[in-house]
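> The following feature annotations were taken from TrEMBL:
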DOMAIN    33-68  domain 'RING-type'
DOMAIN    207-249  domain 'B box-type'
DOMAIN    356-413  domain 'COS'
DOMAIN    419-511  domain 'Fibronectin type-III'
DOMAIN    496-723  domain 'B30.2/SPRY'
């Protein structure tokens with residue numbers, strides 16, 4: 001590919017720039033290396049399709065190699081820069097640039113490093129930098145940008161001794177710039193070098209032909225669609241791209257140019273829309289700033305109210321404590337004064353001593369009687385001393401445990417609406433999803449909004465779909481098969497909305513749901529099986545017939561299987577159905593069977609026979625094992641005694657515990673008629689438990705068989721329509 005051909009690859013962009021529709025100064029951020037944050041210099045294209053300067057790749061590799069040799073220094077400084085580091089020594093750069101450079105003990109060992117553009121680890125392989133393409137188109141655009149922005153500095157001579165002179169010519173063959181004197185010295189007249197192609201001073205030395213980095217003598221002439229990179233014919237014949245799909249370079253050029261041109265036309269045509277959206281974003285930013293400040297003011301107001309209430313309560317509590325303290329101190333003071341009066345040198349005792357000095361008997365008796373009562377009372381108080389008040393203030397301890405808990409739960413949500421919770425046990429998904437939830441305060445909610453969205457294979461989530469619901473459950477229709485869906489719900493009371501519930505992720509079946517009911521005509525044995533009116537449930541009447549035949553039992557007895565099938569057959573396509581097996585069931589077999597095999601089963605006598613005689617007689621009979629490799633006309637699995645039994649196969653282990661699983665709550669069956677394949681699923685996790693080939697040369701029917709006590713219930717959610725009841729029933 002010539003230089004003019006490379007430039008024409010982005011000729012459309014250049015034409016737009018020339019016409020003034022795109023200002024070249026505005027593309028500067030696209031021309032900045034993510035590592036050095038400067039304009040690209042000899043950019044290389046990494047495997048992740050991001051570009052990086054040639055020197056930056058070398059410095060990153062050498063830096064990471066040094067860090068591997070000195071892990072201690074790297075761990076001691078976790079904040080050290082990961083991408084841009086001081087330049088390594090020139091000898092290391094020379095070493096990595098030598099032809100045939102490989103990783104060994106004397107050279108850098110690391111060829112894996114994080115891309116500065118996407119931060120994903122990229123592996124350069126054994127060839128390292130030598131295996132990378134130069135981004136010549138980006139080099140041309142950078143050069144044009146320098147000229148258009150007039151940011152290009154003078155290009156100095158590469159061969160001058162310091163100080164170098166400004167160059168006047170650049171040799172495209174030597175990839176170097178020269179001043180007049182150096183050009184004469186290194187390109188003398190009469191030599192081969194005098195015939196080299198030279199241009200004005202430039203730093204963009206592009207080869208005339210884009211060569212393959214793997215096969216340096218071969219030019220690029222094809223494009224690998226799998227790896228999305230140009231390759232040569234040797235890469236396709238015997239190289240790493242031998243088994244890849246490739247196309248001609250002209251075809252890839254035309255396709256990519258059309259896509260790029262169409263995208264650029266679209267973006268330019270949407271310029272007014274982008275400007276209006278930018279204006280809208282500016283308004284939203286201003287609105288967000290105002291609302292944020294308003295929210296802060298509201299929060300401060302609420303907290304100040306709490307502070308005022310606390311201050312008021314604090315003042316009230318402190319006043320009550322002070323009043324109680326004063327009252328108690330007064331009581332103690334009065335009691336203390338009374339006891340001080342009992343002392344010898346105080347009033348009561350001294351007064352009594354003076355009364356004793358009275359000699360007139362009548363006068364003494366008159367005064368001493370009341371005095372005696374006072375002293376007697378004081379004496380009794382000495383015998384049973386009790387403080388007039390309590391010193392403890394236990395009744396005045398503030399209990400803030402409840403308030404502390406409430407304050408700890410203080411949040412921005414104060415609407416009073418609880419968050420609804422999705423009931424995982426009651427929520428099921430087939431082609432339609434039944435989502436149920438419960439709300440602790442459902443009477444306070446006016447309505448609910450159920451949201452759901454599909455989750456792609458690469459975990460990419462699409463936008464939410466919303467459905468307004470008045471009750472606490474909803475059926476969502478038209479879901480895609482074999483997909484993950486996320487569900488959540490929130491409650492509304494007027495204009496107040498609760499937070500969203502925890503998301504519930506459910507997986508839809510691998511095929512559309514097959515609607516059928518149990519067939520009450522084809523081979524149905526009403527003596528052994530009991531079918532309900534809706535024909536979606538069947539039970540086995542176990543034990544009675546065996547009891548009648550007890551006289552013939554001498555050593556042992558085996559009972560036969562009683563079959564029942566679906567009332568609709570399958571002749572093409574993919575189908576899925578589900579059922580539940582009652583936990584008390586002794587032995588139940590379920591799967592698919594062809595019409596000719598059913599006729600063989602249903603014509604057989606129903607006397608007691610050995611299970612090994614029956615061709616479908618369970619996982620231990622060996623009949624299924626014998627013909628496992630050849631496609632059978634039926635496939636049945638065994639469920640019983642709360643277990644799920646996986647049939648034997650030549651590739652499976654003979655250990656019983658590897659074949660016995662807990663019985664799922666609900667079991668699903670997936671039949672791919674066109675590919676002749678049947679699978680059995682655990683509906684709780686939509687997980688395939690067992691899969692095998694089946695002969696679908698005839699009409700296939702859902703088939704079931706029961707032995708002993710047992711019951712089968714078809715899932716109501718997939719039996720979309722029951723047969724109408726007869727009016728006379």
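Just so you know, glycine gets a Cβ as well, placed from its N, Cα and C.
Bear in mind that TrEMBL entries carry predicted annotations, made automatically and left uncurated.
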> Counting by DSSP, what is the helix, strand and coil composition of the domain 'RING-type' (33-68)?
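Per-class counts: 15 helix, 7 strand, 14 coil.
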> Just to be sure I understand, if DSSP states are collapsed into helix, strand and coil, how many residues of the domain 'Fibronectin type-III' (419-511) fall in each?
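Taking the domain 'Fibronectin type-III' (419-511) as a whole: 3 helix, 45 strand, 45 coil.
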> Per DSSP, what is the residue tally for the domain 'COS' (356-413) in helix, strand and coil?
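DSSP composition of the domain 'COS' (356-413): 35 helix, 0 strand, 23 coil.
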